[in-house]
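According to TrEMBL, the transmembrane segment annotation covers A:12-39, A:82-100, A:112-131, A:175-208, A:215-237, A:243-260, A:272-289.
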């Protein structure tokens, strides 16, 4: 059954969109990421204009992350206090990052620097998580701890003042270090035009030492607000949010997020990290090949991530 | 100056009168006159028919106004990587350009093809199109030679979407009547489109006829379109609220079903 999407200005099968939303929601519930990196290209592949795909995708992330947050909070996996401090930092960082983009653009070659940094960062995060999780899985017989051992960065952050105990995450952490991490996430998210889930999850696990499943729940909570912010901006400035498309997507993604959160609860943390790192590496490889292989057509529709 | 103005006005009057007379003579019919775009819109069929004067060839052009805007990016090699090196907007082009005929286009002279805008390359689009490059110092209009590649890519994209097409055997002529049907794609622009019919015999235009049809959004599609364009902040707020409500409702529905399942299991273990 096809329906006509008013802003995308084209008819598409409602079941295809529901299926896509469901898949992305599943990832969102499992890993605490928005899923825009996957859904936007899928929507564009179906013929939806890039600007509409990006904006409507962000709108549905609001629903998927709310649904995911409720599911995770029921399992006591959302650290609202910690998430709120990171959120404040990321909102400040987002504004700073937007201004930084303007400066970098005026210096020229910004896109080149941005894309190569993105690929290197994804490679670093993906490879590090993958190797660490595999090592932990191997050593599981000797050491049953799901939380990675304390790194130099963790030790440095623990030395910063205004320390608070976060009961849900089970960590003691400085408010300043959390704010700074939020700031860093916000800057990177603004620079790279992504929601920040990809950056937030490894930061929470490896730099803050939060157990994986709690990091996923908290990350998905923070994403609600960043997605609301972007949806409002896209509607006001670009008029590209297709609310009908977003509704169909979000019905699929909210249901998918519920299943994701349930599956995530049953999977061991190391396995969850291995799957996540494989997805990060797959996205990195796709981006890398997009960059080095000559495109079939040099001129294409503009917009998108 | 006054004389020139009155001549131009006179010519316009004569031309519009001639066109009206010819439209009446050829009894050009375009149906439907209004295409309604609602939530179940999948495209539409446009029927065009009329009388053929003096056994002439029938050449039909269906155009939307020259107001489409298309953003295009051009990739180039920077160091080892293929990156976007130019972002442009193509404007002053029609989004819908359909050509149908009863005889091959080869029967027309090259000058006629160009003058009437009836050729397989859609060459008139290259003349009207404006390509603007977005740079840090502001928009820069590209020269015709530089713009050519972008216009050509735009035509390919529109052809792929079914908005631009050429069909040389689509018009059927029987006795002294012609008729054809045109499949309008679902992504047709929502504005007044013009159907122009040229009757050509022995490389001479012996008549022209013209009619319009409207493509309009209706119902919820119209309401949402207007809201998105004219009330962006409210539309954004509404979109966010819908997402928050639907996301929460679905989450609580799952909790409700979970609780019911648990209650059933509990009741079973008690009995």
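Cβ atoms are placed via backbone N, Cα and C, with glycine included.
Remember, TrEMBL labels are computer predictions, not curated facts.
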* Structure fact -> Spatial neighbours of the transmembrane segment (A:175-208) not adjacent in sequence (6+ beyond its ends, CB under 8 Å) are 31-37, 58, 61, 82, 85-98, 100-101, 104, 114, 118, 121-122, 125, 128-129, 132, 148, 151, 153-154, 157-158, 160-164, 169, 215-216, 218-220, 222-223, 226-227, 230, 273, 276, 280, 305
* Check the transmembrane segment (A:272-289) against each of A:12-39, A:215-237, A:243-260 and return whichever range has the most CB pairs under 8 Å. => A:12-39
* Asked: Who are the chain neighbours of the transmembrane segment (A:215-237) in space, where the CB to CB distance is under 8 Å and they lie at least 6 residues beyond its ends?
  -> 28-34, 54-55, 58-59, 61-62, 65-66, 68-69, 72-73, 75, 77-80, 82-83, 86-87, 90-91, 94, 168-169, 189, 195-197, 200-201, 204-205, 208, 257, 264, 272
* To do: Using a Cβ cut-off of under 8 Å, list the residues of the same chain at least 6 residues beyond the transmembrane segment (A:12-39) that approach it.
  => 1-3, 5, 46-48, 53-54, 57-58, 60-61, 64-65, 67-68, 71-72, 194-198, 200-201, 215-220, 223, 227, 245, 248-264, 267, 272, 275-276, 279, 283, 305
